[in-house]
Amino acid sequence: MRRTAIALVAHDAKKDAMAEFAATHRLKLSACDLFATGTTGARVIERCPELQVKRLKSGPLGGDQQIGALIAEGRIDALIFFVDPLSPMPHDVDVKALTRLGLVYDIAMALNPVTAEMVLAMIEPLT
Ligand SMILES: O=C(CO)COP(=O)(O)O
């Protein structure tokens, strides 16, 4: 049985919040397999160098789609995606496709920090 796999994604205006979220939950996250879009992953690693994070491409360059592909393959248990609802995104279609796949495959999906706290509280990492 594999470890619990969590994907971390944050839009630019939410990256500070994601770095803080990762720092607050570093212990639990360290027991999970972590995936992230490029810049989000870099920010998480910068804040929490001890975390092993598989960084994919930056979201606008295909990273959202890579996370979506992992979801479609059944390799992600939870998506924590801090969405910026106030800024237009050139890759809005990718963002929509990613959240759509989260729904299609019925994984745990948190789109804001308060829900992410709840989702993580329910996760018992397999070690
Ligand atoms: O754009 C993103 C999600 O749509 C996130 O990508 P980055 O983590 O590379 O900024």
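Just so you know, glycine gets a Cβ as well, placed from its N, Cα and C.
Feature annotations, courtesy of TrEMBL:
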ACT_SITE  Asp64  active site, proton donor/acceptor
BINDING   His11, Lys15, Thr37, Gly38, Thr39, Thr40, Ser58, Gly59, His91  substrate binding site
DOMAIN    1-127  domain 'MGS-like'
Measuring Cα to Cα, how many angstrom lie between Thr37 (substrate binding site) and the residue listed as 'active site, proton donor/acceptor'? 7
For substrate, with binding residues His11, Lys15, Thr37, Gly38, Thr39, Thr40, Ser58, Gly59, His91 per the record, max Cα distance (Å, no decimals) returned as 17
With DSSP as the reference, give the number of residues of the domain 'MGS-like' (1-127) in helix, strand and coil. 64 helix, 21 strand, 42 coil
Taking the Cα atoms as reference points, how far is His11 (substrate binding site) from the residue listed as 'active site, proton donor/acceptor' in Å? 11
Taking the binding-site residues one at a time (Thr37, Thr39, Ser58), which has its Cβ surrounded by the most other Cβ atoms within 10 Å? Thr37
Of these binding-site residues, His11, His91, which scores lowest on Cβ atoms within 10 Å? His91
Cβ neighbour count within 10 Å of the residue listed as 'active site, proton donor/acceptor': 27
Determine which residues of the same chain, besides His11, Lys15, Thr37, Gly38, Thr39, Thr40, Ser58, Gly59, His91, have their CB within 8 A of the center of the CB atoms at the recorded substrate site, and list them by sequence. Val9, Ala10, Asp12, Pro60, Gly63, Asp64
Whole-number answer please: how many Å between the C-alpha atoms of His91 (substrate binding site) and the residue listed as 'active site, proton donor/acceptor'? 9
Cα-Cα distance linking Asp64 (active site, proton donor/acceptor) and Ser58 (substrate binding site), given in Å to the nearest integer: 8
